[in-house]
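In what follows, a structure is listed as structure tokens, so that the remarks can point back to it.
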């Protein structure tokens, strides 16, 4: 017996020298086409040399030492603020089993070594593992966890080497080598030790992780992914089974989803990406820096997987050779059967690991980059506007560059560009996987067919540019599709966001035609892409067919060799493999191209931003400062110098567009300071002009992430007059207010924003025009309780307002004009007084509240429940819904043709493969083989199959195209015609989602998935039928595989569909916060601690999203591994059956069966995934159908059946009188109104009559029913009793569209759309140009609004203005605060941007989305122009001038009065809802509303002297003296022309 020291003889070095002299000889022998047994001898000699065992021990020791050093270094770099968590304990059952199997294996190896000295090498490796396994139990948790890896490494590598030593020689046919019982027992026990190691749950130790200072990160806990065994982690994904079982038994819930591992926590990833950005600057280098380990791992897995792609063809080649001539075999067929099973299995396991790593790369990248983008947006400003969008239109000569908003650009970067960049991860398929596969495929061609194979491969490479060229054509069309989609979604978003305005003016049909026109262009490009895709598919299918014919022709014709089964079917497999790889290369090229554009966009954004200006700490002071919104903005604040009064009230006033809001933004650091100095406290509470609210409860909006102090909170509620509002809401301050406060009135939203500012503890408060949306009494109460008490004691207030009596009570009053300070008036120490003294208060008046707010539809407060119900409904899609979808695709004849084309293609495809088998076997049955005959028929079958595939694809795509066209049209019509009651409960974002995500799914995914599912079903049927017809016994394992595949697929689908629904729900909070934050960025950034708080909130919302994404990706791995294993078993079963039947079957038919079986795995797996994805996509189809089926408000107007009470004898039957309406007379007779048919009465027993030509004012406190009265005239409410007569006709007998076309409303919020002035004034294009120009000319001079007819240059006055028809002095037309284009407006003529026209507007002047390039007052002027154009007999004003300055308000009233009296006949009626009493002092009639009833009616003078409710409102207005003089008829400018 040799001793251990004697083993140190030259066996260690001599083999190494021999191997170095003959590199790769064993590998070359192994891959020889005429495979011998020499390679087995070479492998055996290397294994028995002892080198592998020594290397194994050295590697284990080095690994152990490196781990110890790495842990020490990591701890030394970490501060003391480390997460606290406990390590998992040793599991006794698994540990005992492991120790027993290791001891047994070591004992048997020692016994074997006593008989055969070479076994001492294995004793050394296994003994090292045994001793290390015992010693680790005596160490701490970290060492115990780390050393277990080395133990398992020693055991697994020892087993592999032992198998190569003892089992490999047995594969030689007629081998004399045999294993003894001790050797067999050693193998089994060592295998058992490795098996136990694979099944042992991994031990978890807490990470050495530093807590981020400003954020709340949960302590890490062990997750199933971190504690599952190695078998589950790298092979079966068994740790996902509990969730899948839960989804199989019942609807999945969030608690069933595995937790997020600590290393994927958003706050773990954020510091890494921020540090990488500092080092690398560009986005691409940043990603490579912080995810380099993931990228290296992905490259390793995909390279390995692609290397094993050829294992199955290799094994099939030799197995068919064995079947053809078993007597000549030198290796046992068990080797090929094993490779047929193990090769695809290793390929799928390594590929699934690549997909696992790539999806984890996606989740981590999306989490990190989204947070980084959010942080950058939160802490910086854009220096240039729209630099990103320039890339999208780069090189586009015929397309106009579209404009976008900052919020829109950031949302696009977050949603589209980050995804496009991360999709580039699959470029590794082309960079690493495809080259490996191409090299091995070329080698295979050379060994199987010789030079004809290489020639065929070269032909495919030469033809490769053809599909690439066609893809360029498709890319151009896809670019046009994207632009058309952007235009369509922008139009829809803009129109649906202003759906009330569209219904006000009855523009539904106009909007439908406009959107459908854009949709038609989009669909024409979609069909073009379908045709190009068909041509590409035909070319990529034809090239392999021609390649096969070249190889076969050269092989049998030139080389004069018979076409054997092994050569034929292996060549087909290699060609198909080459075809897949070339297809992947072209796909990767497109992915990289899209990703590079997105990388450029991201880099441009980061380069165009710089940190927000941080002013030095100190009192609020501005000295000699000049500000600009961005580098290329035309409007500037110039020479601003002001010292604000500390702990005082500072008021800023001025005309619309004078720079009031810009001054606040400048002091917040939101503008670029070109010169001067500013000092400011770091923490400011800001209430913006347009209130920004979050989609949360009222209480959460007021607290704004601050801790609750009940007494302080209650006082703020009282000061903002919100107590009574909360009483009217069933959930009080827990009411969800919807998107940007949709369930609140304008006044309520302003008071919530004010309450948020008051509740904060900021020393400085900026309030931008908070009084404009409040009625006189509410404004007076807020003034008294907030500004006349000690509520704001010690706090500096900067208030922008147009209310004159507030300015007179300010410590500092600043007047702005044209971006400069015109005047500063100081009145230090002034005593602020209530508008009305306490002594004259009306008895019983509540000073701390407002009246009933405009009621909303019942159930609006249960909005979140409705969302949950919708999600639940969308998750339950009946599979029979596919037939409903097919009905949208076409007629019964069309569907019949579709089925026939699918069956023809499947039949031709299988026939070509069968004919090849018949050709191969003909060499054994025929003396002379007519090569031209067999090759010709094979080529014809292949060509017909390719043509039929193209026809089938086009037929399916045409059906999907028809379905998408009809569904989009019906969906748009459905939502446009939906009643307003439906819209009040439905967030616009959810509706837009139907037109974006769901319609996109119908355009691109649903049709393709239906096509693939049908194709796969037919393919699987023909494959099973073909294999079973040749080998009938094969039907049993085949059916078993299909049964298991369907079972796994059903489990996967049930879980996956619900998981997709939860995933979409988890996306919403992230997208919502991103959108909300970008809208309210200035409010958030004003507070010193708010940005960090919102960033932490984003991380909290990213956690469940990442958690669900990982689970969703992992269940795909779960089902893929199981189906691949089952089909691999079926493949090896078919091989065993083929070997067993070798004597009775031809090799060609066996090859035909095996080729069909080997493709079965991919077909079943693809079918399962597509069925799951199809069910997910059909949720979108179902949601679209649900919206199509909304009951339209026109339904009851389809036929006028209700008798109408008429004063006109011309009303005959159901036809309106000719020329109706002739006057604007309105009468309400005992009218009771509700918002919902089963809701409470809002207006009660209203009796009013407005004579033709009267000017009527409707006044009252907030919630008194003013707006409801106006909405009732437009039939936006339910008139449950009584009648409303318009020009003698009952409006309930008139179709809504006809009624709304017959009157005009100027709403409180003016709505402008992206386009030109002409398209905004007349969207339908029916009004003559001279009428439009006349209306614009009438409004010149109001709010810096100047209009000039370009054809009449003489209209320009010497000072650059134009003569105003109303006699008003023209205002300065210099660029204003919000309207840099007003004086220098770009115009569009026939799609071409024309040069700027100085000092005037024209019909071609560009209007940005929402009228962003016009001030609020100027938007209202355009709304007035829109009303003038319609020339309606009844005109309604709903607080249209509430937020205007007094001069602008006066100008609007002048134009209205002149217009109403233009034709001399007093037949046009004006009904105005007013907050400003000075506006209505000369009206003919005033209606005072209260509690849904008419309180008073009469002329303003009569009601004032009556000393009732109207008199009380005058007292609270702050302008009592001026109004009193006006009522007495004294000279005053109040209300005068």
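Cβ atoms are placed via backbone N, Cα and C, with glycine included.
On a predicted model such as this, the values are computed, not experimentally measured, just so you know.
Per TrEMBL, the range carrying the annotation transmembrane segment out of 27-48, 93-114, 203-224 is 93-114. Among the ranges 295-315, 358-378, 379-399, the one that TrEMBL lists as transmembrane segment is 295-315. 93-114 is the stretch from 93-114, 1006-1027, 1033-1052 with the greatest number of Cβ pairs below 8 Å to the transmembrane segment (120-139). Counting same-chain residues at least six beyond the ends of the transmembrane segment (1119-1140), those with a Cβ under 8 angstroms from any Cβ of the stretch are 235-237, 312, 315, 319, 322-323, 333, 336-338, 340-341, 344-345, 348-349, 352, 1027, 1031, 1033-1034, 1037-1038, 1040-1041, 1044-1045, 1048-1049, 1051-1052, 1150, 1153-1154, 1157-1158, 1160-1161, 1164-1165, 1168-1169. Through the fold, the transmembrane segment (54-73) approaches residues 12, 124-125, 128, 132, 142-143, 146-147, 149-150, 153-154, 157-158, 161, 208 of its own chain, all at least 6 residues removed from its boundaries and within a Cβ separation under 8 Å.
In this chain, the transmembrane segment (428-446) lies close to the transmembrane segment (295-315): three or more C-beta pairs between them fall below 8 angstroms, excluding pairs fewer than 6 positions apart. Confidence across the domain 'ABC transporter' (620-843), taken as the mean pLDDT and rounded to a whole number, stands at 85. Outside the transmembrane segment (452-471) by six or more residues, the chain places 441-442, 444-446, 532, 535-536, 539-540, 543-544, 546-548, 550-551, 554-555, 558-559, 571, 574-575, 578-579, 582-583, 585-586, 589-590 with a CB less than 8 A from a CB of the stretch. With a threshold of 8 Å between CB atoms, the same-chain residues lying at least 6 positions outside the transmembrane segment (295-315) that come near it are 288, 336-337, 339-340, 342-344, 346-348, 350-351, 353-354, 357-358, 361, 425, 428-429, 431-434, 436-437, 440-441, 444, 570, 573-574, 577, 1131, 1135, 1158.
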